[in-house]
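**Q** Please see the structure below; I have some questions.
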Amino acid sequence: MRFSLSSADLQEWNGDVLAVGLPQGDVDATATALEQRFAGITDALKQQEFKGKPGDQLVITPLGGGPQRLVVLGLGESDAIDTERLRGAAARAAKAAIGCEGSLGLQLPCAGSDAQEAARICAEAVRLCLYKDQRFRKEPDPRRIPEALELIDLSPAAESGFAAVNATCAGVELARELVAAPPNVVTPAALADTAAGIAKDHGLELKVLERSDCEAKGMGAFLAVSQGSDLPPKFIHLIYRPEGEVKRRVALVGKGLTFDSGGYNLKVGAAQIDMMKFDMGGSAAVLGAMRSIAELKPAGVEVHMVVASCENMVNGSAVHPGDIVMAANGMTIEINNTDAEGRLTLADALLYACEQKPDAVVDLATLTGACVIALGDEMAGLWSNNDDLAEALDAAAQTGGEGLWRMPLRQSYKDGLKSLLADMKNTGPRPGGSITAALFLKEFVAKDTAWAHIDIAGPVWSDKGKGVNPAGATGYGVRTLVNWVLAQS
């Protein structure tokens, strides 16, 4: 999508759709100005009882020349217009422009944000909310959407805000496509192929470990999960190396269960087995982030992406409840629940990631229903052994408009993972389940390595769509990871 600034005012701008944001208290003055060009707009606003409140919206088709469509958006009180409200208004403008091609002109008051930030927020919102996945339809619906966004009445400094938008959004869209695709399409091999495509297109390094390679490295936890599937597991390591000196090295680890039946602890009832295609949402996020990072080429930061991908299925070879397996570090794990498989795959993935000697490791996983119960479907949970890393990720999430909330890593809860026979069990008691899951993962992180775990089970999917996310896969995590990596360059 093309982004630019327009120096034209509301009287002069000539594009296809003009969207104007009005705060409460400014409606009459702005309506009077619009009346000079769009006769009858004042009466239309009164008839609609448009007050400028958040959610107020009027769409009209002006007579005569000029824009095909005029969109007036309520923004609420001026002092309450923050970045989240700007993002929402830009998304509403884009949705109101569907059906028109050409350019969308957008004027929003950005007093509470600097011009560069406002430009980035609006551009990301417009592109992301216009996304629609029609890959699996025989006859895709014809769509007419704006091809360009022009921001009106912003200072020239705002231009730099567009720099990373298309690359970041392309990563989000890749993640959405991977999560949304059915499990007969996105398999472990397909994830490896996606990584290969990114490596080829952007000059990254790629290593894919096959089952025999994983056996040689002693990845018994990962391989135990995979043994019930006819599809071979793939352990994927994608590397971005910057030109020049490497000042920071980070690892992004994503859970890559392309389908999770639950194993012998089969998912039933409310477990929504039909939606378990999205159990690879963590791998989608890190692959999407790597696609964006590879295009943006941040200086000084080396990025390692690690995904242990397989299916969790049921057959005569599948792991049993009660089996004891050994991770690559020699730690033994009693599997008291085969449906807590993601942490087993992540155990060996985290150990491998730490072998790369990173300054920080961040893992993303659709790990627990407990996190969804605690935080709902708009927030991910964050656990970390390092305050600086947690704060940096929180800032990156806020910049990207992705909900993230730090959760306690309470050590006393680790007692719930004690096993009579093995070093630990893979699940603890139901209360505090997302915390014990994080404590389990922590056991596989090198002692002095900064680490964060982000449970994205809630926001990975949106049933109805909201804000910049259409219904379906959200691509959650890509913007947070990209912003975090860029902040270190």
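From the backbone N, Cα and C atoms, a Cβ is placed for every residue, glycine too.
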**Q** Figure out which of Asp260, Asp423, Asp448 sits with Asp339, Glu341 in the Mn(2+) 1 site per Swiss-Prot.
**A** Asp260
**Q** Going by Swiss-Prot, Lys255, Asp260, Glu341 bind Mn(2+) 2; tell me which of Asp279, Asp323, Asp359, Asp363 is listed for that site too.
**A** Asp279
**Q** Within 10 Å of the Cβ of Asp260 (Mn(2+) 2 binding site), how many other Cβ atoms can be counted across all chains shown?
**A** 27
**Q** Other than Asp260, Asp339, Glu341, which residues of the chain come within 8 Å of the Mn(2+) 1 site, judged by Cβ distance to the Cβ centroid of those residues?
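**A** Those within range, site residues removed, are Val225, Leu257, Ser261, Gly262, Gly263, Asn265, Lys267, Met276, Asp279, Asn312, Thr338, Ala340, Gly342.
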**Q** I'm trying to understand the geometry here, so how far is the Cα atom of Asp260 (Mn(2+) 2 binding site) from the Cα atom of Lys267 (active site), in Å to the nearest whole number?
**A** 8
**Q** Starting from the Mn(2+) 2 site formed by Lys255, Asp260, Asp279, Glu341, give every other residue of that chain whose CB sits within 8 Å of the mean position of their CB atoms, in sequence order.
**A** Val225, Gly256, Leu257, Met276, Met280, Asn312, Gly342, Thr345, Ala365, Thr366
**Q** Anything within 10 Å of Arg343 (active site)? Look among the recorded positions Lys255, Lys267, Asp279, comparing CA atoms, and list what you find.
**A** Lys255
**Q** Tell me, which recorded positions from Lys255, Lys267, Asp279 are within 10 Å of Asp339 (Mn(2+) 1 binding site) if we use the C-alpha atoms?
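**A** Those close enough are Lys267.
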**Q** Can you give me the same-chain residues 6 or more apart in sequence from Lys267 (active site) with a CB-CB distance under 8 Å?
**A** Asp260, Ser261, Ile273, Met276, Asp339
